[in-house]
C-alpha cells in the first residue's frame, strides 16, 4: 500500500496502512482474494521476463546462451503468439497456485503503469551510490566507477554493458553476492519492501531496505529488482499484450481509469465482461488521453491522414503549447463551499488537485478560486482536456514550461504579488452533464465546449484553432510558430472521435525543429523590428535582417552602409537574448514611416508597396549582428534579395562582429552556390533522424543508427557532450573513412565532452585509439588486456550525435570495423553488433559499405533469406507494427498483402492504337508489373480467388473491360477485386502510399 510516511519497519505495525486496507475493502467490496501465498519473486524472470526477452532477440548473430522453456513447443508460432502463450501460462499458473488477485504480480511486471505506488525518487546514480555502500566497495575502484559512470563503455566484461545500468549492476554484484542461488522472497514481500522504499525520502532510510534486498536476493534477482525500481523493464511485450491476455476489457478499463489495481480487481474473471455503461470515461476517474501522432516525412502525407472529404475538405491547425497536459473534472456539489468539486490529473495520471484546487473556495488552489463564473448556466458536470501553461503577466506571454509548478505555488501563497500564473488552455470537452462525448466528432465537441465555458482571461481559456485545406496554411502557421518561438503545431481531423489511450493520425504534431537546417550559419544585420502579439507582446519580438550591399550590387554613388532586406527572425531567442539586444540598441531605434522610408540605409522589396516593412528600424552602423540557421533557402518576392531563409532560427548574438563584417549579398550568393553543388536543395525536408530511427528498429533494437555519406562530407566538427566523462589515449592519426591528424582527433574528443591523455594509464578506464601498428599500439596489443579502437568509432559517434540532436546521448556499440585489437572476452560482443555480412544492426550503412556487403553476398544467401517464410513473416509483423505507429511504409513493402492480376499476353486493341503508342503502353504495363512485384505484391497471370486487384491493359477496348467485369462479378460470399489502370500503381508508387482505387478505374465507355 502507499505511504507518505518515512520507513517505519514492517507494514503490520503501521495503523495508517491498516486504515488504507479497510478503505480499499469498502471501495472494492468484491475484490478477489488469494487462497495461497504469492509465488517466489524469481519465478517472474525465470518463467516470464527471460522467455519474453528471448523472443525479442533477433535470430541472426551469435547463438543465444539461453533458451526459453517453451521454445520447442512453440516453433511454429508467430512472435506475438509466443508472447501471448508465455503470458497466458504465467497467468494460468497464478490463478491455480495463488488465486484470482494478480495485482501483486502486475505491479512488478508493469511498474510504470502502477499509479498507486509513489515514485521512489531514485535514479541510477543514487542506486549506484547505495550499492557501493552496501557492498563496501572503494569509491575509487573500477567497479565503483563503472556503477557511477554507467553510460560509459569500459574495457572489462563488468563494464561492457554501457547504457544498461541494471546489467552493469549485475556484473558488479556477481563478484560479491550474498547468495548465488535464487532467494526466498515472495512477490508480496517484494511489494511490501518497495512500498517502504517509495515512502523513504532520505538515503539513510533507503539504505536498510536495499540492504535487506541484497541479503535475500542473488545478483540476477537484484538486476530485475533494479529495473522495477527504475520502471524500465523492456521485456519485449507491451502492457497492451499483457492486458489483452488477462482480460478482453482490460485495456479499455485502464484507458478510462489509469488504475492497474482497478483492472486487476474488477476484471479478475475473464468470463465476465464490462457492462456497456462501464466502458466510457467516468467523472472523477482519471483516464488515459489521446495523443498526437509523430510527424511524417511530408506535409502532403500528413494532410492525407486527415481524411478530407468532398463535402468537408478541411482540417484544423492548433498551436502546440509548451506546458503540461491536464484533464479537469468538475462536478456540482451543494455540500461543499462554492457548490463545485474539482480534480486535476496529468497525462501520467498524477493528481494535481492539491496544486490547482478542489473547489471554488479552496484558498490553496492556484486556479479553481477564479472559476466561480467560468461555466455556463445549466452545466452541472464536465471533463475538460487541455494544457496547463505558465503565463507571464508582465510580458503577457507564455513563460517556459519549467516554471509551471513554481508559478502555481507562488499563486497559492500570494495571488497578488506573483508575475506568473497557471493558465489552463482547453482544447476538448469529453463529458458533459452525465454524457460521455468521446464518440462525438471533434467539431461537435468543440461546439459543446463553446457553449459550456465562459473564459476567464489569462486563467481559463479555450485554445483557438484555424481551419485549413492544404499545406500552404501549415507552412504559414509554422512561420508564425518559429517567429514567436512557440512549441509547434497540431493538425486535427474535425470529423474524428476522441480515442482514449491512443496515438492516432487524427491528431498529428508538426514541429519546426524536426526540419533539416540549411547547412551554414549566417551572420546577418538587424535592420528592423516588429512588435509582438500574444506570447511576445509588449516589445520587439522578431527582427528584420538584411545583407550588406557590396560593390557588386551597389548603385553608383550609393551610401556604403546600405542593407537589402533578407529575412525575418523570431525563433530561438531567450529572455536574456532580448535583453541583450535591447541593451546594445537602446535609443537607436526609429519609427518606420511609410511616406518617408529610410532608403538611404535600408531597401525593402516591392518598391512603394514596402513588403515586410517593420514597425521600427535601425541604422546598420548602430545595430547588432545575429547568427542564424534555417531549414533552407527559398525564392521570395517579399524580400529585396529575391531569396529568403525558410524557418530561420536565432543561434547567438555576434558581439565580435559589426555590420561591416556581416554577410554581404555577394557572399551569400556564393555560399548558396557552393551549398547547391554539394547537395540538391530540398524544400521543407523533415529531419532524417526520424526515418533512420524507424530503419534502426526494423533491424535490431540496439543503441544508435549510423551516419550518412552526406553527413560525412559536410561534417566540420560540432560541439556536444557525447564523450562526457570518457578518457582517451590517441596514438595515431585517422586513415579511414577520412584523414584526421592525431591533434584533430584530440580536439574532436575535447569539443564533444571527452578528455585526452598522452599515456594509457593516466586516467581510469582510458579508451585507447589507433589506426595503424605503431610502437605504442604494438606495446598495448602485446599486453593482451586492452582493447584498441579505431578513430572511425569516434567519428561515427560524433556524426550520430549530430543527427540525433535533441535526443539522449548514447554511444554506438563497437563493430568489427571499429576495432584494431580486441581482447578475447570482447570479441563475441563485438561480433554480435553486425550480421553475417558485417551489416550493422545499430547503424545505417553508407552507400560504399552497402556495395561491399552486396559483393560478399552469394545468390544462395539471397535466395535463402528471401524465401524463408519465418523471416518474411517476422519482418512483415515488425514493419506493420511500425507503420501502425506512424512510420512511413518502406517502398519494398508498399503492396505487401495484395494479389494483383495482370492481363495475359498484355494485349491491346490493335485497331485503336498505333505501333508507337502500343509499345509505350506495353512498357507502362511491364513497369507496373515490376513495380508491384518489387514492392511486395503477389503477381499472378490467371484468375484466382485471392486476387485483390486486376490491372486493365492501357488502350483496352470497351468489350475487353466489360468482359473482365463480367468474369469477376461477385459471387455469394466473395469480394469483388478492384479494377484499376496502371496509373493507380504509378501514383501509389509516386506518393509512397496506397491510394483509393476509385479515381483509377477503367472508364465504362472504353
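Each Cβ is built from the backbone N, Cα and C atoms, and glycine gets one as well.
Listed by Swiss-Prot as binding ATP are 318, 320, 321, 325, 387, 487, 492, 509, 511; the candidate from 427, 543, 566, 573 that the record includes in that site is 427. The helix, strand and coil residue counts that DSSP assigns across the domain 'BRCT 1' (718-811) are 32 helix, 15 strand, 47 coil. The 10 Å shell around the Cβ of residue 509 (ATP binding site) contains 20 further Cβ atoms across the protein chains shown. In three-state terms derived from DSSP, residue 487 (ATP binding site) belongs to neither a helical nor a strand segment and is classed as coil. The C-beta environment of residue 321 (ATP binding site), restricted to residues of the same chain at least 6 apart in sequence and closer than 8 Å, consists of 387, 389, 398, 425, 463, 487. The number of other Cβ atoms within 10 Å of the Cβ belonging to residue 487 (ATP binding site), over all protein chains shown, comes to 20. Within the same chain, residues at least six positions away from residue 318 (ATP binding site) with a Cβ under 8 Å of its Cβ are 427, 463, 464, 465, 489, 490, 492.
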